[in-house]
Amino acid sequence: MVGGGALRRVGKYEVGRTIGEGTFAKVKFAQNTESGESVAMKVVDRSSILKHKMADQIKREISIMKLVRHPNVVRLHEVLASRKKIFIILEFITGGELFDKIIRHGRLNEADARRYFQQLIDGVDFCHSKGVYHRDLKPENLLLDSQGNLKISDFGLSAWPAQGGALLRTTCGTPNYVAPEVLSHKGYDGALADTWSCGVILYVLLAGYLPFDEVDLTTLYGKIESAEYSFPAWFPNGAKSLIHRILDPNPDKRIRIEEIRNDEWFKKNYEPTREIESEEVNLDDVNAAFDDPEEDADHTLDDEAGPLTLNAFDLIILSQGLNLAALFDRRQDYDKLQNRFLSRKPAKVIMSSMEVVAQSMGYKTHIRNYKMRVEGLNANKTSHLAVMLEIFEVAPSIFMIELQRAAGDTSDYNKFINNYCSKLDDIIWNFPIEKSKSRISRLSKR
């Protein structure tokens, strides 16, 4: 069973709580009732695809991604549809974002950075060989599995329409990882644009911060277009040389992936990822989703009338290894709390307080049932930020509030969370730590 509250079903999948939300899709945790496998279900409005006349392109990219079988790319299992929704069933990754690892622990050592970069290049190169380009590569789109291996998410799906009518997410999101030819809105080679982003990611892994990072967009664009950046003193010389060749603002002179593979720094301790053996893949589900969707009574995902109730299984999934004490410990910073806190106030009081605080900070709020979307410009007034908040009941009269980034830069989001949560002392519950640990211990033994 996926969780408490009103259980919903899409085909053979039991659908649980929302685990992510973007500008055009929601991602929900789900479970295959036949195999017991946990999956991520991306729920997309068909109208957003039809509005931008991208059905053929999206169908093509989904078809290709279903054919892609690579250990460093999040796997697309199948596609389902109703008249109003398309449901994309994806591999469920438990290790979190690579960006969070950098936020918590700082820059990586050279060996770890090289290993992640090698896996990134393996996955990117394989998808390029299938004719699919990412266009929005950044650490937030790089996930880690339970073994610490890198998984690239949203490959093949990044050209989907975003809010505001832009066709490429790279042109409407944070530009720090984007190649100069993309920012100039000229035609560009998708493979070379992805290569540039890989170079920026390598810099971030080794330095712990961005090579291009300015308060105002005009200055930022100028530095990206001229490739104006510098290295910290500790930066490995071999990596410096490789990054210089990748971050060439002239795409005609920029190093290509096959040349990256031959670089001496890259080749050290390199073990090429073993590709998954080819298997017969049926595309009938993709064709049916776009060509002749049928309304199915099971294919309904309505918003809940009240807060969802989370059971023990949900809490274990949230805890990533039974480390539930973090939910109760206000002595940790909010990043390490995984952006969740508890409250004993009534759910309506919690929602009202969160709305008032968000509006006092200059953000707009949109409330539906026990979910709230907060959006506006970041602290520097340079880019859009959107945050989703949802209230869950974890025990009688005890509620958990979860915050998730819906749009905008992760660093801006982290700053918002720390500022926002510091203003919510009246509703955050300071639970006794030792008592929480004993209850968690009893829960885990059941």
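Keep in mind that glycine also has a Cβ here, set from the backbone N, Cα and C atoms.
Quick look at what Swiss-Prot lists:
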type	residues	note
ACT_SITE	Asp136	active site, proton acceptor
DOMAIN	301-329	domain 'NAF'
REGION	154-181	region 'Activation loop'
REGION	336-365	region 'PPI'
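If you draw a 10 Å sphere around the CB of the residue listed as 'active site, proton acceptor', it holds 27 other CB atoms from the protein chains shown. In the region 'PPI' (336-365), helix, strand and coil residues by DSSP number 14 helix, 6 strand, 10 coil. In this model, the region 'Activation loop' (154-181) carries an average pLDDT of 55.
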